[in-house]
Amino acid sequence: MKKKSFSIVIAGGGSTFTPGIVLMLLDHLEEFPIRKLKLYDNDKERQDRIAGACDVFIREKAPDIEFAATTDPEEAFTDVDFVMAHIRVGKYAMRALDEQIPLKYGVVGQETCGPGGIAYGMRSIGGVLEILDYMEKYSPDAWMLNYSNPAAIVAEATRRLRPNSKILNICDMPVGIEDRMAQILGLSSRKEMKVRYYGLNHFGWWTSIQDQEGNDLMPKLKEHVSQYGYIPKTEAEAVEASWNDTFAKARDVQAADPDTLPNTYLQYYLFPDDMVKKSNPNHTRANEVMEGREAFIFSQCDMITREQSSENSEIKIDDHASYIVDLARAIAYNTGERMLLIVENNGAIANFDPTAMVEVPCIVGSNGPEPITVGTIPQFQKGLMEQQVSVEKLTVEAWAEKSFQKLWQALILSKTVPNARVARLILEDLVEANKDFWPELDQSPTRIS
């Protein structure tokens, strides 16, 4: 019997990640057939440059797929089975400010962590809710697979503000680290490992890694990470210097709890001074991306569109993003795939807030995810997570209530911020920088000396 084929819209069609994801989808058509693929963005000029290349890819590799790029929500979201969302409200220019403003005060400037992550979250909530509402209006049976950052804040916003929506929040960072673990172990794929992991998004720990026969792989991995971080003896592909530093720093992060293996983002919370020291406030990661990947992808897309051929293209398939197909297949075909998702705790972690959005392994089928019970977690992780989940909840409350006070409290609670005064100074700058993107906050009347 012929498999059903699906209609997909990629929300954030103008993203520089879109071409690699489209190539990945075209590479997995046997497992996940597609009849229609649409790109949606509110920036027509940007999306058109990406879409020109994607149109060529599809005509060359799968001409039967109906392709469209649109800025019209009704056209984009009508007759779709899956919405794949990777939006960036404010683009990289705003990310640069998210990073630069905290650094001005000697505080971590990072895309998803600390004040920068809070600022990005405040911009992202409205955009993700808007896409979710379009999907429910025009294709009420569809599922939204959201990998827009900052995933923790976005997931809390959808839990609180759209509690009955068919949205799955997923992150690629654990996937990327597990790819590196597989390389370290000499395995051909991360899928040869069975993992146990818990935490919040960008804030978690692996507690068990086994092979398919049940052999414990943790001792070998822990020994390697304690010496080299997540850097394999031989790299499978070239890694940017800033990412190389991150993977090496896992050595120090792991030392805080040698019984587990950490998510690399914990470096920003456990070693914030080190992160600030190696940052350039005038040239942050956002600048690197704009000058590097963004310039490269757009020049490649322009060339492909001009030549109407991908023969000379250097854009690579984003194999790393194949987890998106795994997730879509799990929903479509009830595969029972085991995946890390960001879901409401609801007892999965016994001694933690039941309403917190936690990142844990789930079994995914046609009705969505079923979290695998983690049990009781240690005081060290519990304490860190309680502080961080409070930051996320207060940020969403601040957005919903337009509350300056609650947003200030979120920054005060962030482990990256040293005190309330610095939190206030950063927030006042962020409010000014984000006036075109955030809700207008009720300016707190309370002044500090």
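Residue positions begin at 1 at the first shown residue.
Cβ atoms are placed via backbone N, Cα and C, with glycine included.
Per Swiss-Prot, the features are as follows:
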ACT_SITE  D172  active site, proton donor
ACT_SITE  Y265  active site, proton acceptor
BINDING   6-72  NAD(+) binding site
BINDING   R95, N149, R285  substrate binding site
BINDING   C171, H202  Mn(2+) binding site
SITE      E111  site 'Increases basicity of active site Tyr'
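Sequence features, as recorded in Swiss-Prot, placed on the structure.
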residue: S15; record: NAD(+) binding site; DSSP class: coil
residue: P33; record: NAD(+) binding site; DSSP class: coil
residue: A51; record: NAD(+) binding site; DSSP class: helix
residue: E60; record: NAD(+) binding site; DSSP class: helix
residue: A69; record: NAD(+) binding site; DSSP class: strand
residue: R95; record: substrate binding site; DSSP class: helix
residue: E111; record: site 'Increases basicity of active site Tyr'; DSSP class: coil
residue: N149; record: substrate binding site; DSSP class: coil
residue: D172; record: active site, proton donor; DSSP class: coil
residue: R285; record: substrate binding site; DSSP class: helix
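When the recorded positions E60, E111 are compared by the number of other CB atoms within 10 angstroms of each CB, E60 has the fewest.
Secondary structure at Y265 (active site, proton acceptor), as computed by DSSP, is helix. The Cα atom of R285 (substrate binding site) lies nearest to that of E111, taking the recorded positions S15, M24, E111, D172 as the candidates. The two recorded residues, P33 (NAD(+) binding site) and the residue listed as 'active site, proton donor', show a Cα separation of 22 Å.
H202 (Mn(2+) binding site) carries neither a helix nor a strand DSSP state and counts as coil. With respect to their backbone Cα atoms, E111 (site 'Increases basicity of active site Tyr') and M24 (NAD(+) binding site) stand 25 Å from each other. Spread of the substrate binding residues is 15 Å (greatest Cα-Cα distance among R95, N149, R285).
Minimal Cβ crowding within 10 Å, among the recorded positions F6, Y265, is found at F6.
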